[in-house]
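Just below is one structure, and these are the notes that go with it.
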């Protein structure tokens, strides 16, 4: 029996783990009474939200959870079950399409093009635009639904028929004008809850994470934290003290303010509702498919199989004294300022890091 292209990179033990999870999936879906992950159905059931079922997309998503739990079936089942329960209750797809409070408008941007105009989904988190932390982070429910909405809108643009980078996004945290000397209760609470959500429910969704315009003081903290994180996690983080150095890692397509030749960031941003746009595009493609002459077909296969997602679960940080230490991401940048911590750090790293940051600040 031949191995599908999207699974050929896997080791025999990993293939076996995936097969076991596939066999357990119907029970998990029945238990949670939910069938959608990142906008895609995990079974052929027609009811409920999500795009049409595809075995390839299902496998790519399952591999993210397996990778995050080192292919331990019991732990993966628990993580997947918890994520499905959370999605049913929290309704992240609604977060993606909802109109959020205008106070969040300037905090996040999504772009979908990279070098040479090639597809590259990137989250830009502009925490320097926060003028009133208590107003933004004090509204914990509103902030979290907005932040989850940004993530879901980004995931809707990814290609879940491709393992590795094709089904992952870049994330840039810009800390320009952010003060790390104060840590109010609202900001700390927002940071901890966002970290928990992204670590628990969005494993292996970040290819790399960049922290730019980071004060030298915080770089010292990042370097210290690196010693306690896995190589896979550290390999995802890149830290730059000067935002204009970002082009060294990503190329000239980034905006001029980040050292590239691209236009203003806000002009590069996609529309507010890419989820609907993606669904419309998929509908049109299906209509074209039905118009094809008999004998032609397209299969949901993968070309060159890439490496499945990295190992650490995805985490998130807010502009507090604990920014970098809470997220996973990519290879350290080729500059002296790029001693970054890991990609999607585990929740337990959040607190120690923030404490280290406070001590350093003092």
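Note: Cβ is positioned from N, Cα and C throughout, glycine not excepted.
Straight from Swiss-Prot, the features:
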- 102-266: domain 'CRAL-TRIO' (DOMAIN)
- 127, 147, 173, 175, 209: heme binding site (BINDING)
- 275-292: compositional bias 'Basic and acidic residues' (COMPBIAS)
- 275-362: region 'Disordered' (REGION)
- 305-355: compositional bias 'Low complexity' (COMPBIAS)
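Sorting the binding-site residues 173, 209 by the number of other Cβ atoms within 10 Å puts 209 first. Once the Cα atoms of 127, 147, 173, 175, 209, the listed binders of heme, are compared pairwise, the greatest separation found is 17 Å.
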